[in-house]
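Trainee: This is the structure I want to talk about, given as structure tokens.
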Amino acid sequence: MRGNFTHLRRLLLASIACVLGAAVLTYLVDPLQLFRPSRLAFYSDDTRVQNAGLIRSQSFDTAFMGTSLAIRFRQSDIDRALGVHSLKLAMTGSNSRQQGFVLERAIERGARRVIWAMDDFIFVDAADIEADPFLSVDLYRQTTKGIASYLFSAAMAKESLFALLRSIPPLQQKLTQAAPFLPVKFALSDVDDIYALSRDFDIARDYNAKKTLASFAYITSPVRSRFLGEGCGYDAMLRHFERDAVGLITRHPGVTFDIYLPPYSILQFVAMRDASPATLKIVTDLTARIAERLTQLPNVRLYDFRAIRAVTHDLNNYSDVIHHSPVVDAMVLNWLMRGEYRVDPEAPLASLDALKAQIEAYRVER
Amino acid sequence: MLFNSYPFILLFLPAVLAGYFWLGRRSNLAPVIWLALASLAFYAIGSWQFVGLLLISIAFNYGVGYLLIAAKLAPMQRKAALALGVVGDLLVLGIFKYAGFVAENINALAGTHVAVHILLPVGISFYTFTQIAFLVDAYRGQVARYALPHYALFVTYFPHLIAGPILHHKDMIPQFERKETKYPDAHLILCGIVIFAIGLFKKTCLADGIQPLVALAFEARSPSFDQAWCGALAYTFQLYFDFSGYSDMAIGLSLMFGIFLPVNFNSPYKATSIVEFWRGWHMTLSQFLRDYLYISLGGNRRGRVLRYVNLMITMLLGGLWHGAAWTFVAWGALHGAYLCVNHAFNALVPNVPALLVRPARIVGAILTFLAVVVAWVFFRAESVTWALRVLHAMADPSNIVLGREEIAALVLVSIYAALVWLAPNTQAIMGYDHDNRRVGEALPAGRMRPLFLYGASLVLALGILGIQSHSEFIYFRF
């Protein structure tokens with residue numbers, strides 16, 4: 001009996017030692033670069049976690065934010081086109097609350113300019129950030145809880161161990177090459193590669209009219225069309241816009257906000273027109289309000305790219321009804337650089353009216 | 001409250017264990033009451049609004065059980081009492097679990113707009129089934145009279161209350177009555193912690209670790225061939241490690257209290273036939289369905305055709321038990337069909353030539369696994385249409401992406417497959433023998449080999465480090 005209690009004590013003590021050992025390993029390797037920047041660091045596509053470290057370890061003067069529509073940009077392209085030192089913080093499927101929260105942290109760390117790809121649907125479901133299970137506010141704020149959740153984490157211990165192995169010279173090259181294909185999160189050796197498509201990516205294979213039309217048929221099918229308007233409510237969306245966008249902008253009058261409404265394919269609006277007109281009305285009403293409100297703020301430059309026919313009507317630019325190709329990403333940077341399609345504060349609804357006319361006139365080729 | 005949470009592991013469990021053994025030195029009944037109250041507290045922390053329902057259910061079934069065991073009723077009255085108990089239980093389960101589903105289907109058929117929104121009480125499927133078995137056995141004269149605290153503990157016992165395994169009164173209540181269980185047994189506590197650690201590791205590191213890959217098939221609008229397969233296989237392994245991890249944790253926790261719970265999983269993915277699969281998957285549910293549904297329907301006693309009909313009915317209801325949705329019905333129907341095919345094959349080919357036994361077993365294992373994966377697609381999908389889309393992608397090898405993400409997914413899925421097929425299961429590692437109430441007997445003989453002890457420490461540490469704030473057990477939904 002006594003022997004068994006000894007074994008029990010030994011088991012528990014050894015477990016505690018393992019837990020502490022894992023925490024020390026993560027602290028020393030610091031895969032997120034939360035405590036110290038590293039020249040040998042690797043990066044992750046898990047942007048909701050990765051951004052917490054990027055904001056602390058990178059030097060930047062411009063923050064780039066958006067959803068999956070903005071995730072494929074390369075920081076180097078942004079820097080080259082706009083002459084800035086940017087940090088891409090776009091997060092797939094993010095809502096306005098998450099975006100606002102992350103941008104606020106970036107501004108606190110020195111961003112003087114924000115480039116924000118603002119989708120209307122980010123305002124649909126923007127729950128309380130303090131209880132958000134997908135974005136750890138404590139990690140970003142570096143509270144005790146946040147630091148503990150980082151250090152006492154099997155996932156981070158695994159990443160740290162892999163990083164350690166990767167730093168051993170004989171293994172370095174092979175593990176670095178294999179990392180993107182292994183189940184490790186911190187696999188990218190260049191911060192520029194986060195979520196970016198490889199340079200030799202076959203764009204025509206993934207972005208073409210066939211896929212775009214198939215997606216249109218899918219979302220407008222009678223059994224699924226009700227999802228088009230799911231969660232959409234004008235009042236709630238407007239409230240989220242005021243809290244997350246206007247609130248952030250007015251709290252930071254010294255920061256310049258270049259906000260653009262991204263160029264969805266025309267089919268996105270046509271789908272709503274045909275299958276969910278009430279949703280289309282909510283979206284256009286909200287856009288009108290966004291345009292009127294943002295153009296009145298002195299530190300905002302608002303751009304509307306949604307009525308550029310040459311882009312939005314060419315379905316080869318898209319992989320579905322909203323996601324555009326990297327070719328359009330380059331155009332977006334070019335338009336921002338030249339200041340094209342900027343919404344005139346004197347006529348904030350002009351581009352929206354043009355878009356409405358296009359939606360009305362468009363006929364889908366089946 | 002989740003087993004894989006810091007408050008449970010660091011506060012609730014030590015406090016309940018300490019109270020149990022402290023009271024055990026003074027009385028044989030007090031620890032039972034303490035554990036029942038602790039179990040109610042465990043339930044109330046997560047689902048306080050349904051504690052009343054749970055207590056009513058216990059009182060109702062205990063009352064009906066009393067009529068069947070102790071009251072001197074005429075045969076017809078006994079039958080009526082049993083009917084009252086079973087119908088009452090099923091009515092409550094039906095209202096809470098199936099009313100919304102029924103209304104939805106009536107709306108679809110009749111074009112009406114009746115809205116039924118009833119929250120599903122956590123664990124209702126499990127505590128309803130255990131009590132139905134109790135009533136049926138009481139009717140059959142197979143139950144001695146039990147004291148209320150022991151019965152209440154049998155129903156609420158926190159290691160199993162929320163997601164099983166489904167317990168049997170004949171197995172559990174005598175254990176609660178034994179005096180020896182009230183004294184701390186270092187060997188059982190040690191083995192319990194190791195089994196709990198394995199379960200925790202399965203849940204937090206393995207099941208939660210592969211969960212993101214499931215989206216490749218089930219959240220994509222049009223997955224490619226490789227994405228659909230990776231997603232479907234990821235779910236196949238996630239579900240196994242999630243639920244078998246939970247069952248291991250339940251067994252381990254219970255062992256710390258000196259109570260042996262039944263084994264619920266026995267390497268089901270190594271099965272060489274679908275019959276064997278059901279002997280290894282959610283074994284306590286299979287046993288319940290066999291003893292209280294399939295045999296009650298007539299089992300295989302009324303000819304071959306009716307046997308197949310009974311199998312189909314049993315599996316359809318088994319599917320529906322998992323959830324009120326057509327996807328679960330489709331899943332149950334598929335497994336019913338698989339079982340019928342398996343039995344028909346056994347009847348047609350009773351003996352395989354000795355030379356072909358091994359190849360036949362390999363082919364059987366592959367076919368069984370594939371059949372199970374296909375059925376899981378229905379189990380996981382949002383709708384039957386969605387499931388068919390995933391299956392269509394799985395059958396279309398002309399559309400392959402095999403990019404960086406897909407290769408990484410494939411590597412991860414392969415690691416899980418190796419674990420499932422090559423690693424021994426928990427009861428084999430620990431020598432857990434539920435029937436003979438034995439566990440870990442080989443360990444002291446090997447003087448608790450340091451490698452084993454420190455390996456277990458690492459598994460426990462990784463299990464604890466793997467705890468995430470937003471993790472939940474898949475089986476909580478059922």
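Positions of Cβ are set from backbone N, Cα and C atoms, glycine also.
The transmembrane segment feature in TrEMBL is assigned to B:6-23, B:28-45, B:51-69, B:81-102, B:114-136, B:148-166, B:186-201, B:305-322, B:360-379, B:407-430, B:451-469.
How buried are the listed features, and what sits near them?
Mentor: Using a Cβ-Cβ cut-off under 8 Å and counting only residues 6 or more beyond its ends in the same chain, the transmembrane segment (B:51-69) has close neighbours at 40, 43-44, 78, 81-82, 84-85, 88-89, 92, 121, 123-124, 127-128, 131, 134-135, 138-139, 143-146, 148, 151-152, 155-156.
Long-range contacts of the transmembrane segment (B:148-166) within its own chain (CB-CB distance under 8 A, at least 6 residues past either end) are made by residues 16, 29, 32-33, 35-36, 38-40, 42-43, 46, 54, 57-58, 61-62, 65, 122-123, 126-127, 129-131, 133-134, 172-173, 176-177, 243, 246-247, 249-251, 253-254, 259, 261-264, 282-285, 287-288, 473, 475-476, 478.
The list of residues near the transmembrane segment (B:305-322) in space but at least 6 beyond its ends in sequence, with Cβ under 8 angstroms from a Cβ of it, reads 98, 125, 129, 285, 289-290, 293-294, 297-299, 328-333, 335-337, 339-340, 343-344, 379, 478.
Sequence-distant contacts of the transmembrane segment (B:451-469), counting only residues of its own chain at least 6 positions beyond either end whose CB sits under 8 Å from a CB of the stretch, comprise 4-6, 9, 193-194, 196-201, 203-205, 208-209, 443.
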